[in-house]
């Protein structure tokens, strides 16, 4: 279907704040979901997308956690439904051909799948899911995404049949949904980052208390940081870990569980990313300074040819006088220090290959040997 609203592309890429997300949700719920809007835009409780975006849900840590949990559950259910996990993709299309309430829902899904913003909607939805999903569960999301083309193909016939409908309401709905998910992703990232760090610090304090009570040194699960040089060693130790050894550890101490490992790894990656971003400009400046010094240390080719010509003409005694150096400064445009350094390095490079110098060294050795024998 055509994108009737001709909404600017930038609107789908920007991220709203918490207040802006609430305004967008209210506008979509009040202006779009009223009257004769399609069934997929109306909910019995009057909420928009079943997401809690009011100020009450974020006024306290418990409210934020409840909102995040409810939103994650709704997002998981949505992905399961759109990816065909809810069952009956073909059944829904068949029911749509026959008519009824299921037919209206199937047609609405077909319109969403055929909308130009569907790919951005799916990407924003999956991005929210990936934030709070454990690392070992991420392949399940990828497996469901692999089925998306099949879902689109199932509803393509219905989308072609509904192409003549007015899509302004759907345009507005899709735009608000994408913007809201982008804003919600930022909130989820902040929520997970803060509470994950608090969880790691709490585990570290528990292990410190255990050490003070029992005298046992803290195990691998401490909150101590590690340098980049120790990452490979830590990864190798993690690969040697046998989960069966945790069977007798009923008190929760000792080696961390798989979920704790996943949480700590996520926090460590987040901190490493923030450090790289914080020092990115300084690292670039240092790199440019090193490259500039390297370029400054190399002399131009025409100047070195002049110095090499003087070297070859004075191969028996390659030590220029002050007058020779002054003349070379005028001819090459180099500084006196650069010329001195070049001759020093050139003599080192050609010390053993210079026949005159090797002959003089042999003569000195023979004379010294004769004096010692006498």
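Placed from the backbone N, Cα and C atoms, the Cβ positions cover glycine too.
Copied from Swiss-Prot, the annotated features are:
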- 291-354: DNA-binding region (DNA_BIND)
- 270-290: domain 'ELK' (DOMAIN)
- 214-242: region 'Disordered' (REGION)
- 347-374: region 'Disordered' (REGION)
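Per-residue confidence over the domain 'ELK' (270-290) averages 78 (mean pLDDT, predicted model).
DSSP places the residues of the domain 'ELK' (270-290) in helix, strand and coil in these numbers: 20 helix, 0 strand, 1 coil.
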